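What Swiss-Prot says about this one:
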type	residues	note
BINDING	Ser11, Phe12, His19, Gly91, Leu92, Arg93, Glu101, Tyr126, Gln127, His128, Ile129, Ser130, Ser131, Ser132	ATP binding site
BINDING	Ser11, Lys43, Ala76, Arg90	substrate binding site
SITE	His19	site 'Transition state stabilizer'
Amino acid sequence: MSDKIGLFTGSFDPMTKGHVDLIERASRLFDKLYVGIFYNREKSGFFTIEARERIVKEALQHLDNVEVITSQNELAVTVARRLGAKAFVRGLRNSQDLDYEADMTFFNRELAGELETIFLLSKPAYQHISSSRIRELIAFQQDIADYVPQSVIKELERRTYEKN
């Protein structure tokens, strides 16, 4: 098993082009990168966990060393240890992200001091994109093609088709 294993977690509800860019960049740093879709069955997401898994797998299928996993109601440190990960990978768009991620990093270090956290800065083109903004655009029936991978568009079309 490789020593260079990373874990990039998120809810990906929905995945954005910013997520894809960060994962592509992170995949070059590790022999194996797990992308963990973390969710809580008690909370309802915009997309089902199954839909998110389809979206993420399709968007990342070109990355040979990336594996998509799901985790329900588990701490990220527990999953990281189980997978043999040495580091978390987190994206930062702005200072608010840094504040949140720094707190999470300190907490994770208390629970699992052996795990490092690597921060990647979002490219300027993606700094304004967030999943919550995308959900808002969808709610107002705005075009989101510039902000999300094609797999999100396909999933929205599938959802529309299934409703009709």
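Please read every residue number as a count from 1 along the shown chain.
Cβ coordinates are placed from backbone N, Cα and C, and glycine is handled just like the others.
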Tell me which of the binding-site residues His19, Leu92, Glu101, Ile129 ends up closest to Ala76 (substrate binding site) in space, Cα to Cα.
Glu101
May I ask which of the binding-site residues Ser11, His19, Leu92, Glu101, Ser131 is closest to Lys43 (substrate binding site) if we compare their C-alpha atoms?
Ser11
Do you know offhand how many angstrom separate His19 (ATP binding site) and Arg90 (substrate binding site) by C-alpha?
10
Row Glu101 (ATP binding site), column other C-beta within 10 angstroms, all chains, value 17
Taking just the CA atoms, what is the gap between Arg90 (substrate binding site) and Ser131 (ATP binding site) in Å?
15
Just checking, which of His19, Lys43, Arg90 (binding-site residues) has the fewest C-beta atoms within 10 Å of its C-beta?
Lys43
Which residues, sitting 6 or more apart from Ser11 (ATP binding site) on the same chain, put a CB under 8 Å from its CB?
Ile37, Phe38, Tyr39, Gly45, Arg52, Ser131
With the substrate site defined by the record as Ser11, Lys43, Ala76, Arg90, how many Å span the farthest pair of C-alpha atoms?
23
If you count the C-beta atoms lying within 10 Å of each candidate's C-beta, which of the binding-site residues Gln127, Ser131 ends up with the smallest number?
Gln127
Around Leu92 (ATP binding site), how many other C-beta atoms are within 10 angstroms of its C-beta?
18
